[in-house]
Structure formats: C-alpha cells, structure tokens
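Annotated features in TrEMBL:
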| type | residues | note |
| --- | --- | --- |
| BINDING | Gly112, Thr113, Lys114, Gly115, Lys116, Thr117, Thr118 | ATP binding site |
| DOMAIN | 110-320 | domain 'Mur ligase central' |
| DOMAIN | 341-473 | domain 'Mur ligase C-terminal' |
| MOD_RES | Lys228 | N6-carboxylysine |
Amino acid sequence: MKKTLREICRLLDERGQLKSPLLTSQASVQNLSYNSKAVSEGTLFFCKGAHFKPAYLEQAQALGAIAYVSEQDYGLDLPLIQVEDIRLAMPIIADFFYQAPYQAFHLTGITGTKGKTTTTFYLTKILDLYQKSLGKEPTAYLSSSSYYDGVDQGESHLTTPESLELFYRFNHVRESAIDFMTMEVSSQALKYHRVAEVPFEVGAFLNISTDHISPSEHPNFEDYFMSKLKLFDQSQLAVINLDADHIDRIYQRASDSKTVKEIVTVSTKDEQADYLAKNIVSGVDQQHFVLHAPDFEGEIRMKMLGRFNVENALVAIAIARYYQVPYEIIKKALQAAQTEGRMEVYHSTDKRIHAIVDFAHNKLSLEKLFEASRQMYPKAHSIVVFGSAGDKAISRRKDLGEVAAQYADEIILTMDDPGTESVEKICQEINQPIQAAKRQAKIIPNRPQAIDYAFQQASAYDGEVVVLIAGKGDEDTMKINGVDQVYPTDRYFVKQALEKIPKH
C-alpha cells in the first residue's frame with residue numbers, strides 16, 4: 001500500500017494538479033493526514049481549510065511529517081508538493097495510497113434534503129439481516145450520526161467525512177472483508193470533492209428542497225441543487241424518488257450521465273414507478289402499505305410512521321432488490337427498524353396528549369412532520385417547539401417560520417445549536433415570517449423550559465393535542481458559543497414533561 005513521494009508527484013502531474021517541481025525522493029509515505037495532532041513518522045501532511053495556520057504545519061513537522069501538500073509554499077525546511085487545488089488533490093492521493101479500496105465491496109451513496117439518515121439506516125438493517133442469514137458479519141455504513149467500518153465504530157462529525165478519512169474507512173471495510181457499505185452523501189461533499197474518485201455502484205436521490213443556503217455553504221438554491229445532482233456523475237445505478245420536487249431535472253440528469261447504466265424509480269403516487277406503494281395505512285405504532293414491484297406484490301409493514309418514511313423505505317427496497325436480497329428478509333427488517341430521534345411517538349397516560357420527537361430541521365422535513373402528525377392525529381390541536389442552528393443555513397430560518405405559521409396552532413421558538421450566535425437573534429429571524437402571516441410565537445431560549453411550557457399548554461387545552469419537538473432528534477449535545485455542551489436529549493425532557501401531567 002505504501003507509495004513514494006516521487007510516485008505521488010508523478011500522479012498529480014498526470015492529473016494536472018502539480019505546481020511544484022517533481023520530488024525525486026523515494027521515501028515511502030506511511031500515513032495521510034490533515035490533522036496536525038494525528039501526525040506520526042512518515043506522514044504526508046495536507047494544508048487545507050480556510051482557517052489553516054502555519055503553526056499546524058510546524059507541529060506536523062515536529063511530529064515526523066515526511067512532506068506536505070499545499071496550494072502555497074510556507075517556506076519550511078520540509079519537502080513541498082504544491083498543488084492547484086488541495087480539495088481535488090486529496091482524493092486523488094487517497095485513492096492512490098489506499099489502492100481503490102471500494103472495488104472490494106458494493107458501495108451505495110444516498111443524497112437528498114431529507115431522509116438520508118433514515119434510508120441509510122433502513123438499507124443497512126436490511127443488508128445486515130441478509131448477511132446474517134448467510135452467516136456473515138454486519139455491513140458498513142457512514143451516516144450523519146454514526147459510522148461502522150468493520151474496525152471502528154463511533155459518532156460522526158460530518159454527514160460525509162473528508163476524503164482522507166473516507167478512504168481510510170473504505171480501507172477498513174476492505175480489510176474486514178465486508179460485502180456492503182451504505183453512506184450518506186451531502187451536498188457539501190459533492191461540491192467540495194470529498195467523494196471525488198469514488199464510483200458508487202448505486203446512487204439514490206431522495207428529494208430536494210431549499211436548505212444549506214448561507215455564505216459558508218451554498219450561495220443559492222441552484223448551487224445546492226446542482227451539487228446534489230453530481231452524484232449521478234459517479235453512479236452506475238440511479239434510484240430516484242418520483243415524488244420529489246423538480247423530478248424532471250433530476251431524472252434528466254440521471255439520463256444524461258455517462259456512468260449511469262440503469263435508472264430505477266420509486267413512488268407513492270406515480271403508477272409508472274418500478275416500486276410503487278399503494279394503500280398506505282398508518283396506525284398508532286406502525287404503518288403498512290401494498291408494494292407493487294416488478295417481481296412482487298404484497299404488504300410491507302413498518303414501525304416508523306409518516307408517508308415520507310414510506311418513500312425512504314421504497315428506496316431502500318429498490319436498492320436491496322438490486323443486490324438480490326429476498327423479500328422475506330426485506331419485510332422482516334423493515335418491520336423491526338426504528339431509528340432513535342426520528343418520528344419517536346409518546347403519549348400521556350390518558351392518550352389525550354401525544355408527542356413526536358423528530359430531527360426535522362429544514363423546510364421539507366418540517367413540512368413532512370406536520371403532514372405525518374395530521375395523518376396520525378387529524379383532530380388534534382398542534383403545538384410545535386423548534387429553533388434553527390447558528391452559523392449556517394441562514395435561509396432555513398425564514399423557511400421554518402413560514403412552515404410553522406402555515407401548519408401549527410401554537411408556535412414556541414427556542415435554541416437548537418446556536419453556536420456563536422444569539423439564540424434570541426435566531427428566534428427573531430424565524431419569527432419574522434410568522435409575524436408577517438399575522439401569527440404569534442412564544443420565544444423561550446432555554447430548550448428544556450420551552451418543552452416544559454409546551455406540555456403545560458397542552459395540559460391546559462381542552463381536547464386532543466399533539467406536541468411536535470423538532471430539530472434535535474436524539475442528539476445529546478447542544479453547541480453553544482462554539483462548544484458542544486451535554487444535552488440530555490429531547491426525549492428525556494418530553495418524558496419528564498409527560499410525567500408531570502395530572503392523571504385524569
């Protein structure tokens with residue numbers, strides 16, 4: 001696996017990335033890293049990021065870096081590989097260093113504004129059960145919440161990791177002889193080349209809606225949308241949800257792709273879809289539908305509620321069938337699958353007050369949450385508690401406010417990872433479209449207090465109530481002043497609040 005500095009320079013030169021003279025050193029690279037604290041003897045160090053400091057490079061040199069890759073010369077007495085674009089150079093080098101590890105397993109990439117984590121979870125559960133039936137180990141996955149690569153398991157810091165970490169994980173999957181890997185692919189990963197050099201056997205496109213519009217992410221919706229569509233430029237099989245907005249553009253991009261060999265479609269509405277869900281029936285603790293597929297017609301039962309989760313399940317089913325997973329295993333896995341922090345439902349003792357804890361944090365996901373709650377509790381008075389993250393996706397604030405003003409009976413605004421921003425300022429920005437719609441919102445910056453207040457309101461209301469706690473899901477930290485602070489989870493505070501409600 002080890003490559004020399006000379007070999008790496010030659011490759012970069014062939015790919016039009018090398019700016020500095022070719023290094024002639026035959027020294028072997030032992031490791032790749034952009035984290036100066038993770039450098040060891042023989043590491044090739046990468047200088048990347050808007051906040052990079054020369055001190056990081058000096059630390060890397062002190063710890064044994066063999067050379068550094070950078071867009072500029074920092075003048076150190078250390079071999080330099082100067083490149084045109086560090087973000088393009090990283091995956092090129094990582095792919096070369098680890099010798100295309102993705103060739104050893106079936107790789108699925110899933111993108112969309114909403115549902116990536118749940119669909120990744122569904123497919124992983126299906127494939128795990130399939131592998132178990134064959135006497136094999138569980139499959140690998142990378143999601144916005146966690147990852148497992150056959151060697152390491154832990155919490156994720158990015159929806160899709162940087163390319164050096166991504167190829168490192170791929171290598172673990174190969175070393176562990178795992179047959180399948182499922183991963184979320186974010187718009188940022190596609191825009192900034194984190195998944196460059198990665199050929200996906202399957203690329204799935206769930207949906208698209210306004211999100212991640214900010215100076216540090218995407219300048220406008222078109223940039224966001226075009227970034228998402230890049231997934232088709234590196235996928236062999238395209239799985240598309242026909243219920244998505246802008247479906248004509250999505251389908252056209254998949255059709256125009258030079259790598260896509262086949263397109264498979266799913267829908268809850270379009271009779272022409274390859275995988276169609278009909279007769280969707282939602283109960284208190286499960287839902288079911290009739291699946292019409294090329295080689296199957298029958299009932300599918302699911303623990304997780306919401307029509308949008310049927311869409312997610314259809315995508316997982318279509319991919320699983322491509323991988324030749326039997327329907328009996330698919331049905332069994334979906335019936336048992338439940339992701340924490342997504343459509344978690346709780347009730348008061350007398351079943352008058354319902355609570356739904358969900359990760360909904362953008363326009364599309366909040367709309368879908370309201371849609372699901374109305375299907376489940378059509379006569380219930382609705383109270384929603386939510387905020388919006390600081391330091392990113394500024395456009396979400398207006399979008400979330402508009403959705404809440406349209407669908408909620410009562411609105412309570414609070415903190416949701418404010419970062420370095422003021423909670424009150426974020427809430428006021430969410431509140432602007434609410435006030436414009438001649439609606440009122442209660443602002444309670446402290447999230448536990450906001451949740452408690454929502455249940456006080458629910459308790460005082462004469463009739464059925466559904467309280468929607470949106471944005472955090474099962475997250476157990478709250479980013480305040482740039483620091484992740486311990487947060488016991490929304491679930492914890494919902495259970496506490498429900499226990500306080502007088503039993504009739």
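Even glycines carry a Cβ here, placed using N, Cα and C.
Here the features listed in TrEMBL are painted onto the structure.
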residue	record	CB count, 10 Å
Gly112	ATP binding site	25
Thr113	ATP binding site	22
Lys114	ATP binding site	26
Gly115	ATP binding site	28
Lys116	ATP binding site	24
Thr117	ATP binding site	23
Thr118	ATP binding site	26
Lys228	N6-carboxylysine	25
Not counting Gly112, Thr113, Lys114, Gly115, Lys116, Thr117, Thr118, residues with a CB within 8 A of the CB centroid of the ATP site are Ile110, Thr119, Glu184, Leu206, Asn207, Asn312, Ser365
In the domain 'Mur ligase C-terminal' (341-473), averaged pLDDT is 95
Quick note, Thr118 (ATP binding site) and the residue listed as 'N6-carboxylysine': C-alpha atoms separated, nearest Å, by 18
